[in-house]
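Heads up: the structure comes next, in structure tokens.
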Amino acid sequence: MSKEISCGIVNELLPNYIDQLTSAETNDIIENHLKTCSNCAKERDEMRARLKQAEMETISGNQHLQKYLSKTKMMYLLKGALLSFGIIAIIVTFIVDFAINKKLSWSLIVDMGIGYAYAIGLIAVMSKKQQIIKAFAVASILILPMLYGIEVVINTNYMLAPVFWFSSYAFPITVIWLAILWIAILIKKIMKLNMWNVLGVVLILTIFGSAFTNSIAQQLPLSQIYTVGYEWIDSIAYGFGAVILFIIGYIQKNKQKSE
């Protein structure tokens with residue numbers, strides 16, 4: 001091969017040269033040319049840089065893929081473990097209850113609790129976004145049926161004279177506190193409040209929730225809850241706590257702005 005070589009030929013040979021696919025004689029000719037040709041030397045350096053960048057991106061992509069596959073595998077294992085533990089716990093309680101009582105009684109309450117916790121955990125594990133909100137939504141939907149189921153089991157198996165506490169106490173009280181929590185969540189979402197202000201809102205709503213809860217539990221009108229009992233002390237305490245939280249939230253907000 002001639003000792004002189006054109007830039008065009010060098011540029012065509014550069015990929016093979018960089019990948020070390022050319023012969024020793026060809027390498028000598030290319031390297032001699034690169035010593036005297038700055039343009040070809042620059043092209044070599046840029047080509048090496050591009051190949052290095054492509055190699056780094058490939059390595060990074062493989063690492064991300066490996067992490068994703070590992071995470072997916074762990075999620076499947078976690079879901080399988082949760083399902084297995086839940087099923088085993090339900091079966092064991094059924095067997096023990098039936099062996100002792102010759103029927104299913106208290107195990108139904110235990111298994112309703114297991115199913116309730118499992119449903120919440122499953123949604124939290126399976127959801128990719130807003131896990132807490134979705135899990136709380138499931139908890140809110142299932143809490144009332146579970147409480148009603150507990151009432152049915154207790155009245156059927158343990159009460160000579162059934163007590164129907166679900167409709168008179170559990171249902172309205174649960175609805176009140178669920179409404180308070182969801183109102184606080186919506187206010188946070190809409191108004192973009194910080195955590196201190198959200199807690200302050202919760203305490204303000206708790207004033208009403210506590211009053212209605214005591215009114216329902218004691219079967220007294222709201223006016224008597226404040227005049228006969230000590231609900232006014234609770235309301236003042238909640239209000240004072242809310243003011244403190246709002247002040248902290250205001251200070252925190254201004255501090256973040258200044259930073």
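First residue shown is number 1, and so on along the chain.
Any Cβ shown, glycine's included, is placed from N, Cα and C.
A TrEMBL annotation is a machine prediction, not a hand-curated record.
Residues annotated as domain 'Putative zinc-finger' in TrEMBL: 9-41.
Residues or ranges marked as transmembrane segment in TrEMBL: 76-100 (among others). Outside the transmembrane segment (76-100) by six or more residues, the chain places 106-107, 110-111, 114-115, 118, 121-122, 125-126 with a CB less than 8 A from a CB of the stretch.
Proximity of distant same-chain residues to the transmembrane segment (106-125), defined by a Cβ-Cβ separation under 8 Å and at least 6 residues beyond the stretch ends, is recorded for 75, 78-79, 82-83, 86, 89-90, 93-94, 96-98, 131-132, 134-135, 138-139, 142-143, 146, 149-150, 153-154, 157. What TrEMBL records for 106-125 (among others) is transmembrane segment.
What TrEMBL records for 132-154 (among others) is transmembrane segment. For the transmembrane segment (132-154), the residues of the chain that approach it from at least six positions outside its boundaries are 105-106, 108-109, 112-113, 116, 119-121, 123-124, 163-166, 170-171, 174-175, 178, 181-182, 185, judged by C-beta separation under 8 angstroms.
Outside the transmembrane segment (166-187), and at least 6 residues removed from its termini, the chain residues within Cβ reach (under 8 Å) are 133, 136, 140, 143-144, 147-148, 151, 193, 198, 201-202, 205-206, 208-209, 212-213, 216-217. Taken from TrEMBL, the feature transmembrane segment applies to 166-187 (among others).
Taken from TrEMBL, the feature transmembrane segment covers 194-212 (among others). Distant neighbours of the transmembrane segment (194-212): 172-173, 176-177, 180-181, 183-184, 187-188, 222, 225-226, 231, 234-235, 238-239, 241-243, 245-246, 248-250, 252-253; these residues of the same chain sit at least 6 beyond its ends, with a Cβ under 8 Å from one of its Cβ atoms.
Per TrEMBL, transmembrane segment is recorded for 232-251 (among others). Counting residues 6+ beyond its ends, the transmembrane segment (232-251) has Cβ neighbours under 8 Å at 193-197, 199-201, 203-204, 206-207, 210-211, 226 in the same chain.
Each residue in the domain 'Putative zinc-finger' (9-41) gets a DSSP state, and the totals come to 27 helix, 0 strand, 6 coil.
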